[in-house]
Every structure is written in structure tokens, then in C-alpha cells.
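For reference, the structure is listed below as C-alpha cells.
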Amino acid sequence: MPPPPGPAAALGTALLLLLLASESSHTVLLRAREAAQFLRPRQRRAYQVFEEAKQGHLERECVEEVCSKEEAREVFENDPETEYFYPRYQECMRKYGRPEEKNPDFAKCVQNLPDQCTPNPCDKKGTHICQDLMGNFFCVCTDGWGGRLCDKDVNECVQKNGGCSQVCHNKPGSFQCACHSGFSLASDGQTCQDIDECTDSDTCGDARCKNLPGSYSCLCDEGYTYSSKEKTCQDVDECQQDRCEQTCVNSPGSYTCHCDGRGGLKLSPDMDTCEDILPCVPFSMAKSVKSLYLGRMFSGTPVIRLRFKRLQPTRLLAEFDFRTFDPEGVLFFAGGRSDSTWIVLGLRAGRLELQLRYNGVGRITSSGPTINHGMWQTISVEELERNLVIKVNKDAVMKIAVAGELFQLERGLYHLNLTVGGIPFKESELVQPINPRLDGCMRSWNWLNGEDSAIQETVKANTKMQCFSVTERGSFFPGNGFATYRLNYTRTSLDVGTETTWEVKVVARIRPATDTGVLLALVGDDDVVPISVALVDYHSTKKLKKQLVVLAVEDVALALMEIKVCDSQEHTVTVSLREGEATLEVDGTKGQSEVSTAQLQERLDTLKTHLQGSVHTYVGGLPEVSVISAPVTAFYRGCMTLEVNGKILDLDTASYKHSDITSHSCPPVEHATP
């Protein structure tokens, strides 16, 4: 039967139980690596009974008396522990004296030498537990530490970023996951979740907030840029970026380019550059060199002046072919001074009229068929001994008795003045006033048996004196001029006292040659354009190429309507403006409004103010106004007749008309030959 354990063994057992109790009260969970370290196979000492025996041998052999290395070998029974123990044993004797001196510190020093974990050689911060081995020890490291003494920090971020979804920060013995700006760390401590900054209404202020992964963006409509300082969308001035080839106008969130319409330019498809306005419908513009156009001089002055001198008394004989759609005007004058003897052959209401004055006595006679039908007919005037005979197509339509001769004797010669397309004196000096302007054509003329050959040469040299070879009814605008009128659009109703009402109603029948041009416009004395009706080939706000008719007050489009402007057909454009109403129709189809009810009322109030002042009516174009004063400033090219407030506009009655505009005739569309 073995002997009972000694005091040292009992003390060791108690310490072991205390350690186990302590460990059990604080559960320690080791990672797999630590557990493997702790359970790692090693050369263990003998069972506890032998450990206790060894401690007793050590007490007897080396504490109570001095032991040699061989005696120590007998205690430990192995070289590693002996090699570890004996040098330190000698150190204990040097420090605390030999055994026989009975120094308690010496006994304690020797008794602790076999436990290589006392004092603990492992790093205190990084060690979970120190294992005593034969002449050695093993440090079991806590998470985040490594190395023999557990004093080396393990960089967990090296492998798979430490499990962090974004940022891994290594720390002594540990690590921490972090997130980029705009993300927050989830409850698992590893995953980063996007922060939706747009949930805060103040994030972008007036702008739209768009959440992005880890960020956000403040968005503005096109034409605006975001100011982070003021948190507002601010207008971009595109005109500072030289986007337009010619004139640029900035507007909130947008801009518009304008081209010199009067110079024959319009916007290109890119809506920034300019291009020429070119015809899309060909008109038959051929002229006849054998014809004489009577309507070239809008002033009413004659286009031809002849003076005949004869030695012998001579009678007038005139014959010519004539064609017109014009109901009124002067064909020719023959005679002397206004207060002497003369005749004027003209048209009134489409029929021939002869005004004559002999010896201060004036008469008027009119007879014959209506001849302003646009077809050629031969007209002749023959002075007989006591009569004037006028024939149409060889048929006498007038025979007038006269007392005197048209050729007047002066200084020994017989004189006769002859003017074509006008009179040589004021209209007021006629027997009855007549509008002398005549859009008519003459050919095969014969004045006094062909003694006027110089006229033919003059006409050949000047195309403006020549007529279109073929014409139709209407007015032709060549694209380089306009006509003006002084019209009144307001009236005071007697039924309602002094209240002034106003109305602008326009009916335009057009056959355009180009897709851009002003049909009609009102212009104030300050060059403001209160109203304009025009053809345009783009939608200004949508910046889209499209053939349209636009109705505008100043530079604001009230209504738009599509039109097939290049189809060679006649179209009817109807415009009506009055209190609370603005309509545009093309061929009976109503156009689309471009303004709100409030904006319309504001524009109509502005128009009313202009109409109560001085306005001029322009047809076919605009004067030299700013290119931004109206949506279109280009001249109209094509055929057109106009009716304003129920009255047909006769271009012969205009205040001014460009000489290239033909008042009552228009060349036909030139159809391609198969």
C-alpha cells in the first residue's frame, strides 16, 4: 500500500481544484487553432503521484542539501529538464545562499524552477494560458495574437479582408470593420449598408435627390445647374457658351437661337446654326422679253414716256395686246398739258374707261365687256376727224365725238405726249380720280404706226419691265419685300358709351414657295411687333423641325398649327383675336394653344394696349426690327391674297409696296414634266 500523499501533493491537488473551479465559473471558448495548440501532443511528466514523488526527491536532494547535476538528473530522469534546471539552481544559490543557510527564498526559488511557466514567459496581453513542458513551455494565444510568446499581433485583415465587406482596420490583438462614406455598419459588425440620404428632404433643397450606392446626387432639369452652397437649381446661360451662330436669347432653363430672316436665313436642323431659306416649291418665273409690265412703278408714275413731234397734223393710232386680273388702273395717257387736251384710257371695275379733256371740258365714258379675266385681248384707240373709236378684239365698244385734235401745234410743230402705265400729272387733276397703279401686261404694241421701236430695246435690257409668261389670279411675293397699310382695329360702340372694342381677323389664302416667312404682322412705332402670323419650319420650345403656322403676340407664340407648306396646294389660314380669344386655323383645322389661360389673357391685354396706339399693318415681311421681336422675320415667298376684318386687301391701295410684288397676278407652280 503506497504511502499517503505528502503536504506538497495535497497543496498541488488543492491548487488544481481551485484552478478548475475558477475556469468553470468563467467559460472560455477557444478557437480551433488555440484548442489545437492546447491539446498538442507533448512529452508529459509522470502521473501526479510521480510528480509529487519527484517534488519530494527534489526537496530532499536539492533543497535540504546541495545536489550535483547527476543527482538532479536522478530527480528529473531526463536531460531537457535537467539542462533547464541545474543552471538556474546554481543561480538560486548565488542569490539566496546555500541550503544549509535555511533561507526560505532559496527554497521557494528552487521549488519553482521545474514549472517553466513560473514566472510566466508569455506575453500577458496576447496569452490565454501558458503550458509547462519538459524544459520548455508553450504559450496558447488569444484571438488576434501569435508568435512563441504571443506577443506578435495577427493582421486579420490580410485574409479575406477580415470578413469585412468594405474596410478592415487592424488593431493590436483585434480588428474592426468600417464603411466608406455613405454607408453604415450593420448589426453583424461586418456588412456595410447604403445610407439613403434622400430621406432627408433638406439634402438637396429645391433640387431632386437621387440616392446612389454610398452617395447621392442632386438633379436639376436640363438648362439648370445645381448650387451646393444655396441648394437650388440655377439657370445656365447657354449664350455665354457661344452656342448660336448669330443671335442668342437666354431663357429660364433654355435658350433660343435666331437668324437674320430678312437676310434670307433660318435655323438649321441643329437649332444653333443658320442656313439659307430655299424654295421648296418651284414657280414658273419665266418672263417674256416681248412684254411690258405696267405695274413696276408703285408710285403710279408711267413706266414709259414718249414724245412725238410732227411737221404735219397727225392723228393718234394706238393698238396693243393686253392682259390683267387688276380691276382698276391706267393703261396710257395721250395729249398735252393737264389743262389742255388729253385722253386717259384706264380700267374701272374691270371695264374700259376713257377720261378726256378737250379745250378745258372734261368727260368720262365707260363701255364694253369686263376684260380683267387674265386672258389676252387686242385693244385699239383710233383718232378720226371728229371721233375717237375704241375697239376690243376688233369690236368697237366706244365711239366718242370730240372737238379738237390731240396733237397740239406749238412753235411750228405738232406735239403729242404719250405715257404708258401712268399719267404725267396728279390724280386730282383727272376728270374723276382713279388709282393709276395697274398690274397688267402689254405686248405687240403699235404707237403711231411703229415709230416707237426704242421701247422694245429698253424692255429687252430690263427684266423688271417684263411680264411673267404665264400668270394666275393672286398676289406674288418674291421673298424680298413687303407692303404696308394704315388700318384701324379698334372701334367705339355707341351702345356702350365710350368703351373701345377691338378685333383682328385675318384670312390668308396662300400657295407658298418656301417654308419660312411672315404672312401678316402689326408693327408699332417703337418697332414692337404686337401680332405676327408666319410660316416657320421648327417648334421653338420643343426644338423640333416641323412645318407650322405660328400666331404670336410680340415674341410669344399663342398657337401653332401644322401645314403641308411644300405640297404646291393652296391653303387657307384663318386668325381671330378679340377679348379673351385667340384662334388659329389651317384649312379648317384648329391649331394648338401654346399658352395657359392666364398667359393668354396677359398677352391679349398687351395686344389691346398696342392697338390703342399707332400700328402699321405689314404684309409679306417686316421692317428692320430686332430678330427677337417676333418668331419669324423672314420675307414671305409665294402667292397670297388677304382679307382683314372682312375686307380684301388690294395691294394697289397700300401705303407702300415693294416694286417686285405683283398686286393681282401670280406665276403658277411649275410642275415637273414626266
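Cβ atoms are placed via backbone N, Cα and C, with glycine included.
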Per Swiss-Prot, which of Cys259, Cys274, Cys280, Cys441 is disulfide-bonded to Cys566?
-> Cys280
Per Swiss-Prot, what member of Arg208, Arg411, Arg437, Arg443 joins Asp326, Glu328, Asp652 in binding Ca(2+) at one site?
-> Arg437
Considering the candidates Cys141, Cys150, Cys168, which is the cysteine that Swiss-Prot reports in a disulfide bond with Cys157?
-> Cys168
Considering the candidates Cys209, Cys218, Cys233, which is the cysteine that Swiss-Prot reports in a disulfide bond with Cys220?
-> Cys233
Across the domain 'Gla' (50-91) the predicted model averages a pLDDT of 79
Site with most surrounding Cβ atoms, counting all protein chains shown within 10 Å, from the recorded positions Asn417, Asn488, Thr617 = Thr617
C-alpha of Thr633 (phosphothreonine) to C-alpha of Asn417 (N-linked glycosylation site): distance in Å?
-> 44
Rounded to a whole number, how many Å is the Cα of Asn417 (N-linked glycosylation site) away from the Cα of Ser614 (phosphoserine)?
-> 43
Tell me the Cβ neighbour count for Asp652 (Ca(2+) binding site), meaning other Cβ atoms within 10 Å of its Cβ, over all protein chains shown.
-> 22
DSSP three-state assignment (helix, strand or coil) for Glu328 (Ca(2+) binding site) = coil
Quick one: find which recorded stretch in 153-193, 295-467, 474-666 has the most Cβ pairs under 8 Å with the domain 'EGF-like 4' (235-275).
-> 474-666
